[in-house]
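Colleague: According to Swiss-Prot, the protein has these features:
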BINDING   Gly8, Arg9, Ser10, Gly11, Ser12, Gly13, Lys14, Ser15  ATP binding site
BINDING   Asp56, Val57, Arg58, Asn59  GTP binding site
Amino acid sequence: MKLVMVSGRSGSGKSVALRVLEDLGYYCVDNLPLPLMDTLLEQLKDSTELVAISVDVRNMHETELDKQLSNLPEGTELLSFFLNSSDEVLLKRYSETRRLHPLSRSKTSLKEAIDHERILLEPVSKLVDHYIDTSNLNIYDLSNQVREILLGSVDKELVINFESFGFKHGMPAEADFMFDVRFLPNPHWEPELRPMTGLDEPVQLFLSQQPTVNKFIWQIENLLETWLPHLERNNRSYLTIAIGCTGGQHRSVYVTEQLAKLFSQSKHTVQARHRELSND
């Protein structure tokens with residue numbers, strides 16, 4: 001089992017690091033009390049090989065942490081991070097978000113809470129494998145640093161999901177891009193094609209011979225190829241492109257299949273789903 005532990009000062013980006021780990025397939029637990037670590041690992045040992053936890057100052061003590069890490073189950077590979085930021089940056093972040101610092105009390109100012117946490121966590125910062133100062137990093141920079149440490153590369157695999165649907169059954173709420181193909185020639189009006197779907201060869205042949213269909217597929221491909229690099233740089237994990245026709249049987253299915261084939265030739269992981277066909 002591989003265990004990644006994320007610790008550090010409140011407001012330094014622990015939740016961002018944990019989201020990166022979740023995107024990489026880790027089972028993540030936020031703010032885990034250290035006494036529960038053994039129980040968690042025991043429960044997960046047969047179901048997952050990748051586990052990530054974050055701990056904050058409220059449930060972390062130097063001696064307790066050292067003891068827990070030295071008594072991990074046999075075969076556990078540990079990688080640890082400590083995230084830090086300057087006092088000035090943390091003050092600014094908390095002032096902007098108006099969140100309550102974990103060590104804030106009724107008579108404790110934000111500055112005093114930040115100072116106190118720095119002192120408490122200084123010994124812990126010396127126990128970890130990777131120390132990251134996030135003072136001058138945005139969330140994308142931090143995500144890339146964590147990913148590079150874990151994978152040796154900042155390249156992120158974007159999963160592209162092409163989904164066909166019928167407008168008469170409602171639009172998919174999860175779509176990032178949506179294209180309406182109801183203006184394209186409709187196989188429904190060809191009696192021999194009506195009972196078929198866009199997965200059947202006669203329908204595919206009919207639509208492949210329509211210049212407007214081919215041009216529209218080319219234009220969608222060109223649009224997506226232009227903007228995919230920008231989406232990847234913003235650390236997108238999934239992209240759903242919905243293609244809709246009237247009933248979700250012919251045109252949208254065909255266009256979805258063609259786009260999925262085109263993008264399967266690239267570095268991306270591509271999925272094709274036909275909502276109305278799967279509901280039959």
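Glycine is treated like the rest: Cβ placed from N, Cα and C.
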Colleague: According to DSSP, folded down to helix, strand and coil, what is Ser15 (ATP binding site)?
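Modeller: In the DSSP reduction, Ser15 (ATP binding site) maps to helix.
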Colleague: With an 8 Å cut-off on Cβ distance to the Gly8, Arg9, Ser10, Gly11, Ser12, Gly13, Lys14, Ser15 Cβ center, who else from the chain surrounds the ATP site?
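Modeller: Those within range, site residues removed, are Asp56, Leu83, Ser85, Thr134.
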Colleague: For Arg9 (ATP binding site), what is the secondary structure by DSSP, using just helix, strand and coil?
Modeller: coil
Colleague: Expressed to the nearest Å, what is the distance separating Val57 (GTP binding site) and Arg9 (ATP binding site) at their Cα atoms?
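Modeller: Per the Cα atoms, Val57 (GTP binding site) and Arg9 (ATP binding site) stand 8 Å apart.
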Colleague: Give the distance between the Cα atoms of Arg9 (ATP binding site) and Asp56 (GTP binding site), rounded to the nearest whole Å.
Modeller: 7
Colleague: Given Gly13 (ATP binding site) and Asp56 (GTP binding site), what distance in Å do their CA atoms have, once rounded to a whole number?
Modeller: 12
Colleague: Do you know offhand how many angstrom separate Asp56 (GTP binding site) and Gly11 (ATP binding site) by C-alpha?
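Modeller: Counting only the Cα atoms, the answer is 11 Å.
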Colleague: Look up Asp56 (GTP binding site) in the DSSP assignment and reduce it to helix, strand or coil.
Modeller: coil
Colleague: For Val57 (GTP binding site), list the number of other Cβ atoms lying within 10 Å of its Cβ atom.
Modeller: 20
Colleague: In sequence order, which residues at least six apart in the same chain have a CB under 8 Å from the CB of Ser10 (ATP binding site)?
Modeller: Asp56, Val57, Leu90, His101, Pro102, Leu103, Glu117
Colleague: Report, as a single number, how many Cβ atoms besides its own are within 10 Å of the Cβ of Gly11 (ATP binding site).
Modeller: 22
Colleague: Suppose we draw a 10 Å sphere around the Cβ of Ser12 (ATP binding site). How many other Cβ atoms does it contain, all chains included?
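Modeller: I get 26 for this one.
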